[in-house]
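Undergrad: The structure that follows is given in the form of structure tokens.
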Amino acid sequence: VIHSALCRVTLTRHRSLRKSLRDRGQLSQFWKAHRLDMVQYTQDCSLFGEANEPLINYLDVSYFGQISIGTPPQNFTVIFDTGSSNLWVPSIYCTSKACTKHARFQPSRSSTYQPLGLPISIQYGTGSLTGIVGSDQVTVSRMTVCNQPFAESVSEPGKAFQDSEFDGILGLAYPSLAVDGVTPVFDNMMAQDLVELPIFSVYMSANPDSSLGGEVLFGGFDPSRFLGTLRWVPVTVQGYWQIQLDNVQVGGTVAFCADGCQAIVDTGTSLLTAIPIFLQYVVDCSRLSSMPIVTFTINGIPYVLSAEAYTLMEQSDGMDICLSGFQGMDIAPPAGPLWILGDVFIRQYYSVFDRGNNRVGFAPAAP
């Protein structure tokens, strides 16, 4: 399964934006600026409009990887995001405060750059960007994708991206989700025969002290990263990596999704997004052992999350704070509301994204 054409990209785990804002005493200001309720962590759905994904989830995203664009290479830190399909980085011509605090692409310094001149606007809930589409070679680990179209942001209004530790986003969802019909990076990897298998896989370490935060493998999967065998689940709609949930059980009893519902597997979302919210945002750390097990039944197979798995523990002013890994949100695409299986789920279950067979594979992640 691991082939010579497999490309391994190391993910580093950074301190989350939420922790950084809290340490600087700026978290409550961020919540208020984006009209968010701190207690229940619900959101004003009128903010979203045609958004692909609410940006507030990026507060907790802490898994980033490195890519380069152009000749000679210009380096960027990106989120490898299965919840969107476009590649974008800030442009040197962007004067928004968010851009000036991040690496910016300089097209005049790349001998392989081609201007395409297509205007683009991408919405991420509370954050947005506008720019133009150019084309250049994009290097991911040792793999170079030729003639890859990408967005160069020239405006990133507001504060949404200002404090993020990532420069841009590399989308790994289906082409139908790509704004302006731009060909996604992985589709070009397949078209240019850079990967032996039309598969990529994601491992995220559950150990915050591990030197390896995780990795994305393009072209196959790594059996040393999981236990047992992969269980395959068909993709139901080829936009997001969307699958069918049989039900959701809390403490062994079906509590939600009794008649089945749709979910997406999203590396760009830190939490598990549920409709409706059923766990409080802040939980008592001393009660973890008495909190219920949550089970997602997918294609007849139970995927179990303990309270320790779905709770994020942080320290603030020397005190332990436990935050629920569940978040309530209303996202209702044409097919109806979606559950989002984010990093909380992926840390426990190694995830394989198979474009050749339009399916997702899960197996318990190796400790």
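Note that Cβ sites are derived from N, Cα and C of the backbone, with glycine treated the same way.
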Undergrad: In TrEMBL, Cys322 is paired in a disulfide bond with which of Cys261, Cys285?
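TA: Its disulfide partner, as TrEMBL records it, is Cys285.
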Undergrad: At the level of the C-alpha atoms, what whole-angstrom distance separates Cys285 (disulfide bond) and Cys261 (disulfide bond)?
TA: 31
Undergrad: In Å, rounded, how far does the Cα of Cys94 (disulfide bond) sit from the Cα of Asp266 (active site)?
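TA: Cys94 (disulfide bond) and Asp266 (active site) have their Cα atoms 28 Å apart.
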Undergrad: If you compare CA-to-CA distances from Asp266 (active site) to each of the recorded positions Asp81, Cys99, Cys257, Cys322, which comes out shortest?
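TA: Minimum Cα distance from Asp266 (active site) across Asp81, Cys99, Cys257, Cys322 lands on Asp81.
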Undergrad: When the Cα of Asp81 (active site) is compared with the Cα of each of the disulfide-bonded residues Cys99, Cys257, Cys261, Cys322, which one is closest?
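TA: Nearest listed residue in space: Cys99.
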Undergrad: Measuring Cα to Cα, how many Å separate Cys322 (disulfide bond) from Cys99 (disulfide bond)?
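TA: Rounded to a whole number, the Cα-Cα distance is 33 Å.
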Undergrad: For a quick check of understanding: among the active-site residues Asp81, Asp266, which residue's Cβ has the most other Cβ atoms within 10 Å?
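TA: Comparing the active-site residues Asp81, Asp266, the most crowded Cβ belongs to Asp266.
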